[in-house]
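**Student:** Could you have a look at this structure, given as structure tokens, before my questions?
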Amino acid sequence: MGLVDGINTRVARSAFGRWFRLEGSGAKIERAGSKFSVELRAGLTTFVAMAYIISTNALILTDSGGTCDCDREQYGATCDGDPAYTSCLQGIKLDLVTATCAISCMACILMGALANLPIALAPGMGLNAYFAYTVVGYHGTGKVSYRNALAAVCIEGIIFFVLSVVGLRQWFARLIPASLKTATAAGIGIYLSFIGLQAAAGIGLITGSTATLVELGGCPPQYRDANNVCKSHHMQGGPTWLGILGLMLIGTMLLYRLKGAILIGIVVVAVISWPRPTSVTYFPYTPAGNEAFDFFKKVVTFHPIKNTLNEFHWDLSSGEIWIALITFLYVDILDCTGTMFSMAKFGGYMDERTQDFEGSSMAFLVDSASIAIGSVFGSSPVTAFIESGAGIAEGGRTGITTVVTGLMFFVALFFAPIFASFPPWATGPALITVGSMMMQNVTQINWRYIGDGLPAFITIIMIPFGYSIGYGLIAGIGSFIFINSTVFAIHKLSGGRVSPPNYADRDDWLGFVTRGGFKSNIPPWIMRLFGKKPISLSDTDTPTSRNSNELKEVSIAADHHAHNL
């Protein structure tokens, strides 16, 4: 037995291993294929894939102006000419870097320790842009103040928490048809790959186009205009080619099942990009490049939150604040639900019979609590991150993965200059690779029946093309309801005489929704609090379904063992 195998065995047999249900721990339900060393590597991979959020979230939220203000009659609506305002924004940016690391650390550790899931949480991309540019407005030019918007985020978290406690959020998640859950995973895979191909968070191979919306780009940054359109020098950008090389490197290492392939690829490309006098440097000799390099050279630094901590204004009299609150609610619940179920599907711990996954109740509670806590730090809503797929692809199966990611965010509080300096063309190849892996379950969609297949396809294409998981789910659910409600009504009104030829091939949607009853959605500890016996979804198992699940677990375990050889 080697050193690593020995450590894995000792950790698995400890109380720590039993808590996280590592393979060989003796826990009632073990996570097949889970090993302590693999979980550590997976957690680090997830963090590296998410590291861009540290600086990106801070930059986006700083554009809202934070708690800064100026004489707008003298300096204009955006206060761009006020030196004091500019200095204040710099402080807000550093506050938000700390806030992003702090809330991501807390949320990930809680998710891993309590829900035992390899799903990382952080301030959500898209939601932060909506917060900064639509609700508050650039430099506070919107109709809702930064402090008032934070109050709306806090209220959203509280509402989510209550919904999770009583089981409504879990029940809503089970309402989503099985084909749409699978389609969401595939759509997110394409979405991830699309992000990884762009310049903002990827290799820059795909850029904007005034004629066709997108086109093959690959030009150096100085040849892209404000709309991210390549004006010339297509496919001559060093960072793009370095990103392509990173993608090929990761793919080749994965082919040989080299452990840590994704992480190795990210680090190799990042290290190549750090020296300055090269065509692929992340720190060009520009004002922005000089500023980034000066921050990078600090290596170790810590900035306490000074201006965004507990900055609430509880004024809910404006109609705009209610619009923002409702938008936060429905977008976040669809985004988070879609991401969690997609990661559960990708990780292999989705119960196909119940369309639920172990730890879902606690996961929703942690997510909602993190939203409220994040608002205290001055952040936009926290949500589950699709980059968790990078860690799952590395073999992460338990909450240890997420705890490690959270601890890395704690380290980033002091080493933010390093972790905020991973270029997008280093993490882009990882997103593309994970996207390809998330497409593998698309064959499980019920393509035989158009009432399931078409809404699933609409979900798949609308997530990347609409650039939103929430909007993709809305499109899929809406089309599913319209098509199947129409067919159901005709079937009933005609006494069953007018039905699609393959009506029997449809998914048993009602079975997934009703099986186990509403009480099965309520967290077990809540049931015990009121002296009730917790109801497990497995309580309604038939012998056939139990045997099926056992065979599935054996199959998953065999796959994981083969992967780790």
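Just so you know, the numbers here start at 1 and follow the chain as drawn.
From the backbone N, Cα and C atoms, a Cβ is placed for every residue, glycine too.
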**Student:** For which of the residue intervals 120-138, 291-309, 443-461 does TrEMBL record transmembrane segment?
**Tutor:** 120-138
**Student:** Which one of 46-68, 184-206 shows up in TrEMBL as transmembrane segment?
**Tutor:** 184-206
**Student:** Out of 120-138, 184-206, 321-341, 406-426, what stretch is closest in contact terms to the transmembrane segment (150-172), meaning most Cβ pairs under 8 angstroms?
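**Tutor:** Stretch with maximum Cβ contacts: 321-341.
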**Student:** Output the single range from 120-138, 184-206, 241-274, 406-426 maximising the number of Cβ pairs under 8 Å to the transmembrane segment (471-490).
**Tutor:** 184-206
**Student:** I need to check the long-range neighbours of the transmembrane segment (241-274): which residues 6 or more away from its ends have a CB within less than 8 Å of a CB in the stretch?
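**Tutor:** Result: 38, 41, 44-45, 48-49, 202-205, 218, 280-283, 296, 390, 393-394, 421-423, 425-430, 432-434, 563-565.
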